[in-house]
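Undergrad: These came from TrEMBL, pasted as-is:
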- 42-63: transmembrane segment (TRANSMEM)
- 75-95: transmembrane segment (TRANSMEM)
- 107-126: transmembrane segment (TRANSMEM)
- 138-158: transmembrane segment (TRANSMEM)
- 164-186: transmembrane segment (TRANSMEM)
Amino acid sequence: LLLRSFSSPSLPFLLILCFNSRRNHLPRSTRNPATMNNTPHFVFGILGNAFALFLFLAPTITFKRIIKNRTTEEFSGVPYVMTLLNCLLSAWYGLPFVSKGNLLVTTINGTGAAIEIVYVLLFLVFAPKKVKAKIGSLFAAVLSVFAVIALVSLFALHGNTRKLFCGTAATVFSIIMYASPLSIMVSS
């Protein structure tokens, strides 16, 4: 849990985002994807995705224990649900009609969302009824928040406004994701 809270898949996302924003300040002739100037961007993006994949897979040990014991014990499902929302929003942000040139962001966060859905569903299967209701309602709320953000950005916003809205939403919920492990400190 401590490792998960200090090392998140969002770090590679932020590195890619920073690297991508620097690229836009280059002369127009060097922004062509076919030029060699995008090679570092691509290489760091692939490395970031590899590290992020390992971070997404880190909780598999916890879930092996949950499956073996057939109970969630004292584990909290909140971080997995919030990581799912972060992945969904970041994957949405990386789509070409939201922000061009962020395919690597979409692929790793789409993969992360699929992994987190498996974690959340496993958690729901083995959780006690009270916890199951809490995590189930949080899961429904997360899917609703994502749907609202996606629909608003798709139908009401265009161009840079859409990109800014989706990027801000992804950033805000990324911060919430980092804080979600603290939910175990709240008495239930």
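Cβ coordinates come from backbone N, Cα and C, glycine included.
Those TrEMBL annotations? Automatic predictions, nothing curated.
Each of the listed features needs to be described in terms of its position in the shown structure.
TA: Residues 9, 12-13, 48-49, 52-53, 56-57, 59, 63, 66-67, 70-72, 75, 77, 80-81, 83-84, 86-88, 90-91, 94, 132, 135-136, 139 of the same chain lie 6+ residues outside the transmembrane segment (107-126) yet bring a C-beta within less than 8 angstroms of a C-beta in it.
Remote same-chain residues near the transmembrane segment (138-158) are listed as 77-78, 81-82, 84-85, 88-89, 92, 98, 120, 124, 165-166, 169, 173 (criterion: CB distance under 8 Å, separation of at least six residues from the stretch ends).
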